[in-house]
Each structure stands twice: as C-alpha cells, then as structure tokens.
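Swiss-Prot annotations:
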type	residues	note
TRANSMEM	22-42	transmembrane segment
TRANSMEM	86-106	transmembrane segment
TRANSMEM	148-168	transmembrane segment
TRANSMEM	170-190	transmembrane segment
TRANSMEM	224-244	transmembrane segment
TRANSMEM	247-267	transmembrane segment
TRANSMEM	278-298	transmembrane segment
TRANSMEM	313-333	transmembrane segment
TRANSMEM	353-373	transmembrane segment
TRANSMEM	374-394	transmembrane segment
TRANSMEM	406-426	transmembrane segment
TRANSMEM	431-451	transmembrane segment
Amino acid sequence: MSTSTQNIPWYRHLNRAQWRAFSAAWLGYLLDGFDFVLIALVLTEVQSEFGLTTVQAASLISAAFISRWFGGLLLGAMGDRYGRRLAMVSSIILFSVGTLACGFAPGYTTMFIARLVIGMGMAGEYGSSATYVIESWPKHLRNKASGFLISGFSVGAVVAAQVYSQVVPVWGWRALFFIGILPIIFALWLRKNIPEAEDWKEKHAGKAPVRTMVDILYRGEHRIINILMTFAAAAALWFCFAGNLQNAAIVAGLGLLCAVIFISFMVQSSGKRWPTGVMLMLVVLFAFLYSWPIQALLPTYLKTELAYDPHTVANVLFFSGFGAAVGCCVGGFLGDWLGTRKAYVCSLLASQILIIPVFAIGGTNVWVLGLLLFFQQMLGQGIAGILPKLIGGYFDTDQRAAGLGFTYNVGALGGALAPILGALIAQRLDLGTALASLSFSLTFVVILLIGLDMPSRVQRWLRPEALRTHDAIDDKPFSGAVPLGSGKGAFVKTKS
C-alpha cells in the first residue's frame, strides 16, 4: 500500500459490493451457528425424553462432526468447480433441512442421522463462506474478513440461547428446531442477489474447469478403492461416536483406520504438498480439542453442577457467545496488525490466565462468572476467527475451498471427540475440573503448532521441493519455510 492509502480508514478500502458480499455471508454463518448449537442447549431435555446415557447424549453433538469431513470435501469441490456462491447456498439448505428433521425425530437414531446432515451442511458453509469473503476483500484486510465472518457463528449461538430461554419453557425443545427452517428462505435470496468472489472469477475466467478434489479421489484411477475407503471411514466413525461401542482398544483401532484414510486422501489430492495438509489437520484437531469441551458442555455444566435455571443459563451463555464474537473481530484486527500466526499465539497465551478462574469461581456470582467467560472466550475461542485465513493461505485459489473444507473438517473431528472425552473424564472428576484441565493443557499444543509454523516446517523437512514460502492469500512469508536463525533475506518467493 502507498502512504496515502495507509492513511485512509480501513473500511473505506471496501466498496459497496464487497460489503454486500460480506453481509450476506455473515448472515448465512449466523444462521449456521444458530442451527448448530441448538442441540447443546436442549441436550438435557433430549436426554431425559429419549432415556439416553451421558455419553450417548454427548454423541448427538459429536454426530455433526462425523460427517463434516465429507461435507467439506464435497461442497468445497463444488465451490472450486462452480463458484463459492453456489456452494454456500447449497450448504445453508442442507443444514436447515437437517435441523428441521431434528424437530421431528422420534428417537436417538433418527436424531443422530439428522445431525449427520447438519454436519455436512455446516462444513460446506464454513469452507464456502470463508473463501467467498476472504477472496472478495483486499489482501491487506483478509484477517479482518475472516475474523468478522466467523463472529457470525458466535452471534448465532447467542441468539439461539436467547430464543431457547423464551421458547423451550413454553413450547418444548422440538419447537426450537422448527425455527431452524427459516435459513432456506435466506438461501434462495442469496442465490440471486450476491456476486461471485473476485479471486475465483479471475482464476476461472476463460479457462477450462479445474480438477477438483472430488475428481482426483472419485473419478481418477483409484476411485474404487477411494469409494470403499470413504464408506469404511463413515462406518468407523459411526461405531466410534454413536455411543454404543465401549471397548477402548477397538475405538483406538477404528480411529487409526480413519487417520490412515484421511492421510491417504490428502496425499492423493495435494501431491508433494501433503505434509502441509496433514499438519494443518493436526492443528485444527487440537484447536477443537481445547475449545469444544467448553463449547459443547458449558450449558450442561451450568444446569447440572451450578443448578442454574434456563433464564440464567441463557444470560451466562450470552456473555460466552458475545465474548467469542467480539474476539473474532479483535482477532481480525490483530491478525492484520501483527500477522496471522503471531496474533493467534499471543491471544491464546492471554486466554490461559483466565481458564482456571472460570471454573474455580463456582455459581455464587453469576455476573463475575459471565465476565470471566466473556474475556476467556474472547481470547481463547474468538481468535479462531482467523483460522480460515491461516489455513487458506497454504492453498492455491483453484483448490482452496476443498482444501480448506477438507483439512478443517477432518481436524474438526476433535470437536466430536471433545465432548465425549469431557464426559468420560467427568465420570472421575467433576465436570468443571474436567473442562478446565482439557482446555488448559491442549491450548499449549496449539500454541506450539502455530507459533513454530509446523505445517511449513514439516513440509521443509519432508518434501522441500514443494515448499510454499509465502502465504497464498496475503503474500506474507511463512516463518517455518526457513531454518530457525535465518534472516528475512532467506525468503525467496516460490511459484504456485
């Protein structure tokens, strides 16, 4: 940017079309957040009506994560081939239909399947919306684009909590899911009223269709074995998270099978850059493991251990969700100022100071608890708003939606494991101690993975000839692309 351009307020760098694109995607992501968290709010009511164990009830949260990897792959490939807009609209329709089905579910199995559908739609919405907005905004504002967009999910969670307190005590838990059908109307409006992402249009103008991840995996020479592996992964995840399999050794074996399948898919689709993709999946896995025990089981903790009524639960969840939403926006500013990775590490380190007090204070002072949760979620959860920007920077435009969608949503299986892990630990400890311990310890793993830029570093160790030295979204250098101790002069930009 020139000096004169730097003196202009950041929001003046955006034209009306870019703001409209952002607003539409943000509302879509708000509705995604609204639909997705409904099950966490009514988990105790559903558990009571269906007669479920704690682990079975937690598996209803996990179910949406089981299908996310395939939704991210399929809808991401749609975004790479046909445009980000169509993928975003299709995703909204998919998770809305799943939410409506939850309201009609007669029992555990039906609701579990409906949650699988929600997971696919949610995965597609994440990848398509994030790439859509990031590719529509100027390069120097793309951390803000990412952070502002992801704040919509937290706002949706806040809205859902407030609606829960008004609807469920009067009409019951099923009525909450019937409201979730409204996003379909919004999706139909989106299809006609928003432009396509600029980066995608420029990349595809006058060119033949790209070879997407779906083409590589399911239309290539290994398509039969890949289809079989897809069914094997789906079956393995079902047995792991449906709540019926109690043998830890079998669960571990099935988990290892899934890991091998996902790594195989990454190697086939990414070629020589597979180490980067595998490490990104690991980053996201631990990001979910540290954050989702709190996200998923906080309502249960408030209702059971602190004995809060629905109105008080809604108020506390407002502080939590609003803090995460504010944190996404703050993270966007920090990312554009400090750089994506440095902002991420600094925010997580600050959040560690607050995680123990949140669960040590008890339920005697609701307002102090709410304030602590606000700042802890602002720093610990909100910074994940720039995670799409961080991941997307490792992929070229013509593979970004599927690359981001698949990588993120395979790692998001940590979100499926997290509430079950929290519930299992809570059988030996109280739930608050279990949640605090998981979050505090696993956050440090994420700090190391991102702070040391392990995706670039492992790529340099294993396949240096395919190393990307600069971020594909904002052109900033990757710190892990050069050995520790090397100066800035060691960076030589590689061709995509």
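Cβ from N, Cα, C; glycine included.
Of the recorded ranges 22-42, 247-267, 278-298, 313-333, the transmembrane segment (374-394) has the largest number of C-beta contacts under 8 angstroms with 313-333. Within its own chain, the transmembrane segment (86-106) has Cβ neighbours under 8 Å at 25, 28, 31-32, 35-36, 38-39, 71, 75-76, 78-79, 113-125, 127-129, 132, 174-178, 180-184, 186-188, 190-191, 401, counting only residues six or more beyond its boundaries. Taking residue pairs at least 6 apart in sequence, the transmembrane segment (22-42) and the transmembrane segment (148-168) share three or more C-beta contacts under 8 angstroms. Beyond its flanks by at least six residues, the transmembrane segment (278-298) meets 40, 58, 61, 262-263, 266, 316-317, 320, 377, 380-381, 384, 387, 391, 394, 407-408, 410-415, 417-419, 421-423, 431, 434-435, 438-439, 441-443, 445-446, 449-450, 454-455, 458-459 of its own chain at Cβ-Cβ distances under 8 Å. Panel annotation: around the transmembrane segment (170-190), residues 24, 27-28, 31-32, 34-35, 38, 41-42, 45-46, 49, 85, 88-89, 92-93, 95-97, 99-100, 102-104, 160, 163-164 of the same chain, lying at least six beyond its termini, place a Cβ under 8 Å from a Cβ of the stretch. Outside the transmembrane segment (406-426), and at least 6 residues removed from its termini, the chain residues within Cβ reach (under 8 Å) are 54-55, 58-59, 61-66, 68-69, 71-73, 76, 123, 126-127, 213, 237, 241, 258, 262, 265-266, 269, 277, 280-289, 291-293, 295-297, 387-388, 391, 434-435, 437-438. The list of residues near the transmembrane segment (431-451) in space but at least 6 beyond its ends in sequence, with Cβ under 8 angstroms from a Cβ of it, reads 279, 282-283, 286-287, 289-291, 293-294, 297-298, 300-301, 304-305, 341, 344-345, 348-349, 351-352, 355-356, 358-360, 380, 390, 418, 421-422, 425.
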